[in-house]
Amino acid sequence: MAGMSLAQGNSLDSYVLNANDVIYIKMIREEKDIDDETLCFNPEFTHQFFGDSEGIFGYVDLRVDIYYSASRLSTYFGMSYTDKVDPKKSGGVQPDNVQKIIQEKLEVEFGTNIDDFVSSLSKESSFRPHGELLKCFTVDGEENCKQTFDVYRADVSVPGFQQYHQKMQTFILWFIDAASFIEVDDERWEYFTIFERVVFNGDPHFFFVGYATVYRYYAYPTKVRPRISQMFVLPTFQKKGLGAMMLQAIYDFYIRDPEVLDITVEDPSENFVRLRDYVDCKNCLRLSSFQPKDLVKGFSEDMFREAQEKLKIGKKQARRVFEILRLRVTNVYDEKEYRAYRLDVKNRLNAPFQRQKLDYEKQKLQKTLSADELTAALSYSNKEQRMEQLEHQYKELESEYKQVLERLSA
């Protein structure tokens, strides 16, 4: 809106809306769901569509409806508003072309005729998930009903899956910060999907719930190291333990593979870190080297080897699991016992700092840094300041660990 006066800008404030508040997403299983407002959910992120401000310009009382058929993920786009900005009064600035912006970013075709969308729902019952079935499980649903879920594994060689992935990946731009689409042509990508299975009149129906992507990296000399890249569960299915179930299914698939060295994660969010910690701790509780009598002795090579060989957990994550489980068996009211735990964790946290300090001193001896440069580099590292920093790091970490332990004890 460059070139407008301040008064003009203020008068147009009513035409600026937060995209997160006016976009409504809904999974449609049958026609009556279209009018059920309780099924709607809003995106968490829209900056990839509408910029850092996440604002849509040009409308009053705007509502954007994005419907997905719950099985095939056919997409409908609808939009309504009570008023639209007049470019003559906005310095020539046009209202945002919302449909075009969203469609170009999601890279899928939208239907805009609601009758056509409703007609397409008749094809939903014949949908079957792509790939091989890995795991089935049930969870408690509403009104004492059990919900059944299936986890499948697929790759781009499975007929029709590449097109299906094109549609299901559209969710991540709304719900994962800084998410991006992957190069599906790379055969090293593997995909895991989760569906709710519901039986109507004796026939199974499969409704999309979420998915994960994993890339098989090479691990010298003869192994592979799968890296979990993305994991998403629809908001309407969260808080049911489905993420943990899907992650366990992924683990089980790779644990059986003798080529796999260990399983890693790419840039995990805080929520995924907690999920991974929970599942890894739950699994490690069954290992002989992670029993209470061994935990109090400190982290050992036996713990790492057993975690890697039996659960495909890498050394860094094995150490983190050890610290969580040791806190579980530590009497925090016993000062000596609790202090021993804190020192063990802090020593691990402080190790990189000590190595960095030695590197600086070595560089000084080699005269690669001037005295001023070295002073500047070490200025932050006085003992008192470092101790405060270390205490802060520890408290944050213990808080994270306690959240995992609360879930383990639930």
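Numbers here mean position along the shown chain, with the first residue as 1.
Note: Cβ is positioned from N, Cα and C throughout, glycine not excepted.
Now, the feature entries from TrEMBL:
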- 15-177: domain 'Histone acetyl transferase HAT1 N-terminal' (DOMAIN)
- Trp189: site 'Interaction with histone H4 N-terminus' (SITE)
- 192-257: domain 'N-acetyltransferase' (DOMAIN)
- Glu266: active site, proton donor/acceptor (ACT_SITE)
- 276-327: domain 'Histone acetyltransferase type B catalytic subunit C-terminal' (DOMAIN)
- 380-407: coiled coil (COILED)
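Cβ neighbour density within 10 Å is lowest for Glu266 among the recorded positions Trp189, Glu266. The residue listed as 'active site, proton donor/acceptor' is 14 Å away from Trp189 (site 'Interaction with histone H4 N-terminus') when you measure Cα to Cα. Secondary structure at the residue listed as 'active site, proton donor/acceptor', taken from DSSP and collapsed to helix, strand or coil, is coil.
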